[in-house]
Amino acid sequence: SSNENFLIKSAIFHHRFVWIHPFFDGNGRTTRLLFNLLLMKEGFPPAIILKNDRKKYYDALNSANNGDYSKLLLLILQASERSLDIYLSSLNNTYDNYRPISDIVEEEKLPYGQEYVSLLARKGKIDAFKEGRNWLTTKEAVLDYIENRERKRILK
C-alpha cells in the first residue's frame, strides 16, 4: 500500500540523512526531527526513539549500512505505535485510579521501594505524573514494569 511505501521510503531517508552527516553537530537530532515532521505530515504519530532503545537504534542503523532496513523499519513502527498508544490512553484516562507511589508501594507489597518506583516515574519508565510534590501512578503501571523486567530477564 502507499502507507507501507511511505514508511519504507521514510526509513531509507532517515538512514541516508544521518549517514551523510551534513552538520558538525546535532546530526542525529536533526534527522529525527525531520523524520518525525515527515511522519506527522502524512498523518502518522511521531516515532520517538527512547534512550533505552539507543543500542537497538544504532544496531538498526548499522544494519541499514549493509542494505537491511528491516530493523530500522521495525524500530520506527514500534516507536510510532508507542506514541499512538500514549495519545489514545490520554484520551481515555481520567486519572481516577492514580494514587501516590508511596501508597501503592506500601499496599501492594512490591519488590521495589518507594524511591526506586519514584525514580522509574521520573525517568518515564512507568506511566505516572507529578501532582504538587507527589508522583502518582497506578498499580497496573508498576506491575506491568515488573512483568516486563522479568520477561527480559528470562529472555537473556
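Placement of Cβ uses the backbone N, Cα and C atoms for every residue, glycine included.
As written in TrEMBL, here are the features:
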ACT_SITE  HIS21  active site
BINDING   ASP25, GLY26, ASN27, GLY28, ARG29, THR30, THR31, ARG32, TYR57, TYR58, ASN65  ATP binding site
DOMAIN    1-78  domain 'Fido'
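Overlay of TrEMBL feature records on the structure.
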| residue | record | Cβ contacts under 8 Å, 6 or more apart |
| --- | --- | --- |
| HIS21 | active site | ASN27 |
| ASP25 | ATP binding site | none |
| ARG29 | ATP binding site | none |
| THR31 | ATP binding site | HIS14, PHE17, VAL18 |
| TYR57 | ATP binding site | ILE49, LEU75 |
| ASN65 | ATP binding site | HIS15, TRP19 |
For the domain 'Fido' (1-78), the number of residues DSSP places in helix, strand and coil: 58 helix, 0 strand, 20 coil
Protein Cβ atoms within 10 Å of ASN27 (ATP binding site), excluding its own: 15
Whole-number mean of pLDDT values that fall within the domain 'Fido' (1-78): 90
Extent of the ATP binding site in Å [max Cα distance among ASP25, GLY26, ASN27, GLY28, ARG29, THR30, THR31, ARG32, TYR57, TYR58, ASN65]: 20
